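See below for the structure under consideration.
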């Protein structure tokens with residue numbers, strides 16, 4: 001949308017120019033000199049900034065003018081630099097000139113009027129410039145600040161960028177900017193359905209004026225919290241509130257003025273993806289599983305395009321609704337885990353806790369988290385989905401997992417896994433992060449698989465003998481990497497991940 005229209009009007013042969021500013025797609029300039037050639041250029045300003053000035057367009061005013069009080073020479077500018085010059089009272093002046101017996105005498109009679117009109121026009125232009133400057137200065141404290149705030153969220157028109165709430169001097173400012181405050185009377189907690197790092201997770205109802213009552217998930221901040229914990233808890237809402245995508249969990253709002261402090265999100269009927277898959281082991285077709293993976297990849301592409309790095313992408317942090325739509329959730333929580341946290345999923349590394357089995361080697365070694373490290377984690381999520389919630393690397397210790405990955409061992413394909421999917425996993429696990437596919441490429445690849453169902457029918461053929469010939473004596477076992485169920489017990493103690 002147009003915000004400001006700038007015009008530069010310059011008399012031919014003069015270095016001095018006049019600038020006029022308008023808030024609409026048209027502008028009217030009065031008080032121009034009679035019988036003078038002018039050049040005009042136009043540019044528009046939107047939220048994205050100033051555009052370029054148009055090419056100069058010349059026009060000339062009539063030799064005869066009327067008194068400023070009754071009529072004036074005008075110029076109107078409209079879209080695409082349409083220029084229309086109108087002069088009122090010109091016809092009557094011409095008729096009077098024709099009726100005069102002495103043309104030279106008529107010109108002399110009109111000379112004072114011409115000079116007076118030109119002088120008055122110049123005064124009007126100066127007055128308009130002064131008024132425009134004063135108005136612009138007054139608006140800058142308000143409208144210019146608004147433009148600046150909008151532009152902070154755009155690197156180019158239409159491309160929104162994630163803003164880290166911890167860049168705010170007052171974190172509460174970020175919460176109020178990105179999350180909507182909900183009145184306590186609109187929320188009803190029904191039952192506890194789980195526990196999070198900061199408190200309980202409940203199912204409840206949200207009823208707001210003019211909106212249908214809906215089932216929601218409610219995260220609570222446990223009693224006795226510190227101000228630091230409150231800030232970290234609400235930061236997830238500040239992050240979530242910036243996102244709007246069908247494969248990213250939706251924030252309904254927050255309750256910061258109540259006790260306990262609450263975060264309200266949409267409710268996902270089937271809960272976390274890993275436990276949902278374990279409860280439905282073998283019940284979904286490959287096409288359905290690939291559809292789930294496609295949804296997760298689409299959500300991650302959206303987050304990556306916004307320059308957001310998740311850091312903790314795993315099946316446990318993906319939620320599933322009643323239509324099997326998968327949505328990425330749990331934003332930023334991994335960075336806040338304390339070293340005394342009892343969760344074995346996260347291991348201390350360089351002053352913080354990270355999920356070793358899902359984390360790229362450069363992020364483990366140097367805490368270098370990027371969209372490429374999220375792609376590595378996505379490859380592990382693919383393995384979790386295709387194995388129906390199997391634990392990555394089985395019962396290997398985190399240290400053994402790090403050693404295996406460092407020695408270029410990778411997870412073998414789950415049972416009945418299409419070869420193209422395991423190949424995509426291996427591409428996500430390339431050691432050189434710049435060589436891994438981007439989420440946009442992953443979405444396109446999965447779309448291609450879904451369009452060509454035949455490509456998903458070619459399964460990988462993995463045998464225990466092949467794995468043993470790779471070498472090594474790393475501990476661990478597996479349940480689904482080998483198709484022969486009768487040999488599983490023997491192979492659990494001797495099979496290894498694939499080396500690349």
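Placement of Cβ uses the backbone N, Cα and C atoms for every residue, glycine included.
Your range for transmembrane segment, going by Swiss-Prot and the list 72-92, 93-113, 114-134, is 114-134. For the ATP site, Swiss-Prot gives 193, 194, 195, 196, 197, 198, 199, 200, 201; the one candidate out of 207, 212, 219 that the record lists there too is 219. For residue 168 (phosphotyrosine), the nearest neighbour among the recorded positions 193, 201, 312, judged by Cα separation, is 312.
Residue 312 (active site, proton acceptor) is 14 Å away from residue 197 (ATP binding site) when you measure Cα to Cα. In this structure, the recorded positions under consideration are 168, 195, 199, 201, and the one with the smallest number of other Cβ atoms within 10 Å of its Cβ is 195. Between the two most distant C-alpha atoms of the annotated ATP binders (193, 194, 195, 196, 197, 198, 199, 200, 201, 219) there are 14 Å. If you take the Cα of residue 201 (ATP binding site) and the Cα of residue 312 (active site, proton acceptor), they are about 19 angstrom apart, rounded to a whole number.
It is 17 Å from the Cα atom of residue 312 (active site, proton acceptor) to that of residue 195 (ATP binding site).
Other Cβ atoms within 10 Å of the Cβ of residue 193 (ATP binding site) number 14 in total over all chains. Those same-chain residues not listed among 193, 194, 195, 196, 197, 198, 199, 200, 201, 219 yet with C-beta within 8 angstroms of the centroid of the ATP site C-beta atoms are 202, 220.
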